[in-house]
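Below is one structure; the comments refer to it alone.
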Amino acid sequence: MKFLDEAKVYIRSGDGGNGCVAFRREKFIEFGGPSGGNGGRGGDVIVEVADGLNTLIDYRYQQHFKAPKGTNGMGSDRHGANGKAIVLKVPLGTQIIDEDRETLIHDFTTVGERFVLAEGGNGGFGNAHFKSSTNRAPRNANPGQPGEERWIWLRLKLIADAGLVGLPNAGKSTFLSKVSAAKPKIADYPFTTLHPQLGVVNAGDREFVLADIPGLIEGAHEGTGLGDRFLGHVERCRVLLHLVDATCEHAGKAYKTVRGELEAYAGTLAEKVEIVALNKIDAVSVEDLKKQRDRLKRAANKMPLLLSGITGKGVPEVLQTLAAVIGEAPVSDKAKGAGASAAQAVVPPVAQAKPWSP
């Protein structure tokens, strides 16, 4: 299934049905009086979180959604039927944003959660409604009220416990494929990963969801490369695992490049708990590894973990550290409502990972 995390949608709720002007016409009843019924209410537009969805791809092929209008009132005091509501299914973690792309309308954090995005118009009154002691035969009725219409943006922010960040080719996808059942595309060229990937990781008696996003390069916040739009998918993570390639020219500069993009991002990513790890240690000499480790230590102000995603060396220690920090890190306010359902509702339908072993 293709991945789509943003879609522009037009929605319109149903108009209310018109009221009816009618009079009783029965044998032996000379002055039957008014009998026009009220119009039905227009259908609502409702957005609902569906279990098992992990993309907004359905909204690439259909962008216009209109609820049916209410039925007009009829004679013999028959009221019109209400229009049927239409329900838009979205994944857990979806946000509804106004057309200006800045105003947040609603944020979904629970499976099954519903939000009425546009209410249908009220039905008009029939002439029976206007009958009074001074007006025994009213000949007026109200038209139905129009429904609401608007353009909105649906934006998906995946809910995971930990997020992988780093430059392109830092080994993030390889690491994810080794510790979970996820099968991201892996190759030796930059930007192999074009869309976020999720995997469920078992670390001893702990289980957590790990998100891999496309690599960041200098100037990503200005649109360079794939930009920083995918950072929204790790905005709700408790912990960031920052992988740095040991074979790069300068590990410290590589680390600072990514940190600069995190700080330039509008969210709170730069304030999140961060675990720094030096990857691909099997591909460098002992002397170069020590030099890169010292550079990274000075840049990050902490001792980095060492690992190799290919051989598995150091991976158990990284997973245990991740699991421990996840248990202690504060949960984002927006992610609290997701609870244990996040892994079920957001993770693509891949096999559950077995406890990792080298």
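The backbone N, Cα and C atoms fix where each Cβ goes, glycine too.
If you look up Swiss-Prot, you'll see 166-173, 191-195, 212-215, 279-282, 308-310 marked as GTP binding site. Summarising the annotation, Swiss-Prot assigns Mg(2+) binding site to SER173, THR193 and lists sequence analysis as the type of evidence. The domain 'Obg' annotation in Swiss-Prot covers 1-159. Per Swiss-Prot, domain 'OBG-type G' is recorded for 160-327.
Sequence features, as recorded in Swiss-Prot, placed on the structure.
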residue	record	contacts (Cβ under 8 Å, 6+ apart)
GLY166	GTP binding site	LYS172, GLY215, LEU216, HIS242, LEU243, VAL244, ASP245, ALA254, VAL258, ASN279
HIS195	GTP binding site	PHE3, ASP5, PRO214, PHE230
LYS280	GTP binding site	GLY171, ASP245, ALA246, THR247, SER308, GLY309, ILE310
The domain 'OBG-type G' (160-327) [mean pLDDT, rounded to integer]: 82
Number of Cβ atoms other than its own within 10 Å, given for PRO214 (GTP binding site): 25
Protein Cβ atoms within 10 Å of LYS172 (GTP binding site), excluding its own: 31
SER173 (Mg(2+) binding site): secondary structure state under DSSP, collapsed to three categories: helix
Around the Cβ of ASN169 (GTP binding site), the count of other Cβ atoms that are within 10 Å: 20
